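Asks: Look at Swiss-Prot and you will find Ala12, Tyr13, Ser14, Gly15, Gly16, Leu17, Asp18, Thr19, Ser20, Gly120 tagged as ATP binding site. The L-citrulline binding site feature in Swiss-Prot is assigned to Tyr90, Ser95, Asn126, Arg130, Ser179, Ser188, Glu265, Tyr277. Positions annotated as L-aspartate binding site by Swiss-Prot: Thr122, Asn126, Asp127.
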Amino acid sequence: MYMKKFNKVILAYSGGLDTSIIIPWLKENYGCEVIAVVGNVGQSDELVGLKEKAIKTGASKIYIEDLTKEFVEDYIFPTIQAGAKYEGKYLLGTSFARPIIAKRLVEIAKLEGADAICHGCTGKGNDQVRFELAIKTFNPEMQIIAPWRTWEIKSREEEIQYAIDNEVPINITYETNYSKDKNLWHLSHEGLDLEFPENEPKYDKILELCNTLEKAPNEAEYITLGFEKGIATSLNGEKLDGVTLLQELNKIGGKHGIGVIDMVENRLVGMKSRGVYETPGGSILYKAHKDLEELCLDKETSHYKEIVSLKFADLVYNGQWFTPLREALSAFISKTQETVTGEIKLKLYKGNIINAGMTSPYSLYSEEYATFGEDGIYNQKDAEGFINLFSLPSIVQAKMAQKLN
């Protein structure tokens, strides 16, 4: 048993291997009451049987908190508006799910009068930082227990053996022991053969949300998305709330094998890791939103927003959601979205998302100016004066070089 004594500990619980064995481990080593807290951010089928499992494993109580609506409206949609992709590919599915869960953990810890909050994140991963930054933001004095940084278990194989020895029910084996994270936005897969970059992912065995390209339909499907101020509000002409819209897009996108990426990323803690991510609905929303922005944003705003998007992605990935900078960037992004309203038609086919036409009352595209045909608005002779002025720095530089030579 560890030296420090806690009376009541709040555990961020998922029902997976890590948090399942942590319940008996906490009781054995700290002699404490364990209250499990599940943040429902759209895990769907993973929630089935969690209450019974947590109690059977030794928890005195379990909270299953429905955070799905808040997750979509306050975390997912603002990140889509930002156009944030970590290292140009990752749509941040795990990253922005952690702050909302951590915030609720602190609230329940206060409600229950708990001494500490415990999470099951490894000492090599990003999630430990994301959870603990958020916890410290809302309660700097809260004690945090991170078993992976203290216990003698060093691998998932040893975790499985611990579960067997302590009669903890699990539904995985040594052979299917991928580390997964699922929510309404995405499903990630890490570990096993994926730890070796030379290995091609076994998509037919890994994928759960998406079809492989071979199994995707041979016929394309067209959909129409409506946006209001950068937020998707309708699908095929039907107004939908954010949760329902994303659920529908996940089904449609998954059917067509959309949103699967195999990525080697730079973790916050310094190492590289490899993962396969399934984000079918999210990938459709990102493509639609980005294309609509191209129609509605002016050049200077669009180009500067690219810089903001990169920083926004880093902040989210690093667990810095609850920071003044993230809030300031969100304020800028919100301003840019005032005219991102309209409809976009998309063609979905075997992993591809193809723009099939879009309209907006705020469109900055003018056929009168852009046409290659005859027009009476744009005087092409004006281009000569513009080029003379625009090229002036280059001309001066060239003349200086000639003098030196």
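Using the three backbone atoms N, Cα and C, a Cβ is placed for every residue, glycine included.
Show me how these features fit into the shown structure, please.
Replies: According to its DSSP assignment, Ser20 (ATP binding site) is helical. Long-range Cβ contacts of Ser20 (ATP binding site) within its own chain (separation 6+, distance under 8 Å): Lys53, Thr57, Ala163, Val168, Pro169, Ile170.
A 10 Å cutoff on Cβ-Cβ distances gives Tyr277 (L-citrulline binding site) a total of 26 other Cβ atoms nearby, all chains included.
Following the DSSP three-state reduction, the secondary structure of Asn126 (L-citrulline binding site) is coil. If you take the C-beta of Asn126 (L-citrulline binding site) and look for same-chain residues 6 or more apart in sequence within under 8 angstroms, you find Thr94, Ser95, Arg267, Leu268, Val269, Tyr317, Asn318, Gly319.
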Asks: Among Asp127, Arg130, Ser179, Ser188, Glu265, these being the binding-site residues, pick the one whose CA is nearest to that of Gly16 (ATP binding site).
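Replies: With Cα distances computed to Gly16 (ATP binding site), the winner among Asp127, Arg130, Ser179, Ser188, Glu265 is Ser179.
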Asks: Can you check what DSSP calls Ser95 (L-citrulline binding site), collapsed to helix, strand or coil?
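Replies: Where Ser95 (L-citrulline binding site) sits, the three-state DSSP reduction gives coil.
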Asks: List the binding-site residues among Thr122, Asp127, Arg130, Ser179, Ser188 whose C-alpha is within 10 Å of the C-alpha of Ala12 (ATP binding site), in sequence order, or say none.
Replies: none
Asks: Other than Ala12, Tyr13, Ser14, Gly15, Gly16, Leu17, Asp18, Thr19, Ser20, Gly120, which residues of the chain come within 8 Å of the ATP site, judged by Cβ distance to the Cβ centroid of those residues?
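Replies: Everything else in range on the chain: Ile22.
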